[in-house]
Amino acid sequence: MMAAMATARVRMGPRCAQALWRMPWLPVFLSLAAAAAAAAAEQQVPLVLWSSDRDLWAPAADTHEGHITSDLQLSTYLDPALELGPRNVLLFLQDKLSIEDFTAYGGVFGNKQDSAFSNLENALDLAPSSLVLPAVDWYAVSTLTTYLQEKLGASPLHVDLATLRELKLNASLPALLLIRLPYTASSGLMAPREVLTGNDEVIGQVLSTLKSEDVPYTAALTAVRPSRVARDVAVVAGGLGRQLLQKQPVSPVIHPPVSYNDTAPRILFWAQNFSVAYKDQWEDLTPLTFGVQELNLTGSFWNDSFARLSLTYERLFGTTVTFKFILANRLYPVSARHWFTMERLEVHSNGSVAYFNASQVTGPSIYSFHCEYVSSLSKKGSLLVARTQPSPWQMMLQDFQIQAFNVMGEQFSYASDCASFFSPGIWMGLLTSLFMLFIFTYGLHMILSLKTMDRFDDHKGPTISLTQIV
């Protein structure tokens with residue numbers, strides 16, 4: 001089944017290949033093509049659907065090689081299964097997955113015993129109806145849970161294997177079960193094959209439980225974001241291959257974001273640098289905040305319309321200081337979408353509270369918010385405005401990112417950036433384009449103004465003599 005997803009290779013003769021590589025523009029063209037292909041691959045994830053009912057999808061509906069399925073097209077595939085199929089829907093949500101994972105680790109070329117997707121392949125073979133979409137737009141997947149909730153009229157229930165065995169599912173009542181696969185492809189302690197095999201075992205155990213209870217169902221497997229099977233290689237215009245004995249660059253250590261959890265991850269917060277000043281005395285809170293297991297999140301709170309992330313630090317400036325990020329989620333009728341806003345940032349210390357307005361930290365609730373600088377300093381944009389001036393407190397967050405609504409796992413959704421449209425780089429590009437357009441127009445005008453001479457003197461011919469008439 002997965003072998004059909006592998007692409008065929010085209011072989012070139014040695015003479016043709018040597019002739020092509022003599023062309024100076026070919027490496028540059030291949031570099032740009034590879035970069036464009038890599039950028040496009042990061043925007044899509046696969047989606048696998050199967051059901052215990054028959055005739056939910058047409059036999060040729062899954063022939064989508066090279067096509068990216070949009071959210072509208074995905075709804076046309078899901079509507080028949082949700083309206084005519086079973087009312088019990090399972091959504092297996094993995095951290096990272098790409099179509100290349102099936103090619104690299106699936107049971108292709110008859111090697112079924114080496115497949116990391118044995119339970120998934122068996123489920124697809126035995127399912128009366130199945131559908132495989134190799135490339136689905138990330139936006140469609142990010143809104144899949146909300147779409148299923150609206151179509152079924154049931155809230156998503158986060159379950160694990162133990163909880164599923166205790167549930168009593170009814171074929172007539174709708175149920176949306178969200179199963180987060182416990183292994184993530186970002187784990188450095190496990191190989192990708194072991195990660196995918198562990199996820200496949202969870203899928204097999206869940207399906208066995210439903211089969212033993214004789215419960216009809218429709219299942220879907222997808223991921224939050226794509227993964228990369230091959231190791232990233234820097235593509236430059238000068239050449240595509242690695243240099244011999246090249247030393248691999250050491251990647252910087254990136255700490256995981258701060259995550260507030262109740263029954264699931266609710267609020268995510270990250271910054272490359274988190275610094276605070278009190279009476280012009282600066283303290284770097286980055287090593288005390290990110291990657292710290294004992295971070296005090298007492299006072300944090302979350303629901304669908306309001307979120308509060310509370311960070312408490314002891315012995316900061318000689319006392320206990322608490323920073324509270326207050327966010328609200330509202331539905332705006334004009335856009336018919338939910339937007340979140342960080343209403344304020346509170347600093348609690350010694351019984352006093354300092355307030356910073358942060359109304360410019362806003363975006364659609366399905367996205368996270370990212371900004372290069374969120375600071376109270378004027379030279380850094382002043383997105384944080386103190387209510388009382390002058391304030392003894394100063395804040396500076398570099399490469400700031402936060403998400404408090406529609407969080408799925410320990411990873412941020414795609415970010416809504418604070419960068420304005422008319423940035424200095426865009427102004428430079430516009431002015432340069434206008435200047436080049438002026439030069440082109442002037443040159444075209446000069447070319448069109450050229451005139452040919454219909455008469456001229458022939459210096460090699462006889463001279464013209466004029467007789468003087470008296």
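Each Cβ is built from the backbone N, Cα and C atoms, and glycine gets one as well.
Feature annotation from Swiss-Prot across S208, S378, S465 places phosphoserine at S465. Disulfide connectivity taken from Swiss-Prot links C371 to one of C16, C418, namely C418. C371 (disulfide bond): 23 other CB atoms within 10 A of its CB, across all protein chains. Residues of the same chain lying 6 or more positions beyond the ends of the transmembrane segment (420-440) include none with a Cβ under 8 Å from any Cβ of it. Nothing from the recorded positions N261, N350, N357, C371, C418 places its Cα within 10 Å of the Cα belonging to N296 (N-linked glycosylation site). Calculated from their C-alpha atoms, the gap between N357 (N-linked glycosylation site) and C371 (disulfide bond) amounts to 16 Å.
Confidence in the topological domain 'Lumenal' (42-419), given as mean pLDDT, stands at 82. Of all the glycosylation sites listed here (N261, N273, N303, N350), N273 has the Cα closest to the Cα of C418 (disulfide bond). Closest to N273 (N-linked glycosylation site) by Cα-Cα distance, out of the glycosylation sites N170, N303, N350, is N350. Its own atom aside, the Cβ of N296 (N-linked glycosylation site) has 14 Cβ atoms within 10 angstroms in the protein chains shown.
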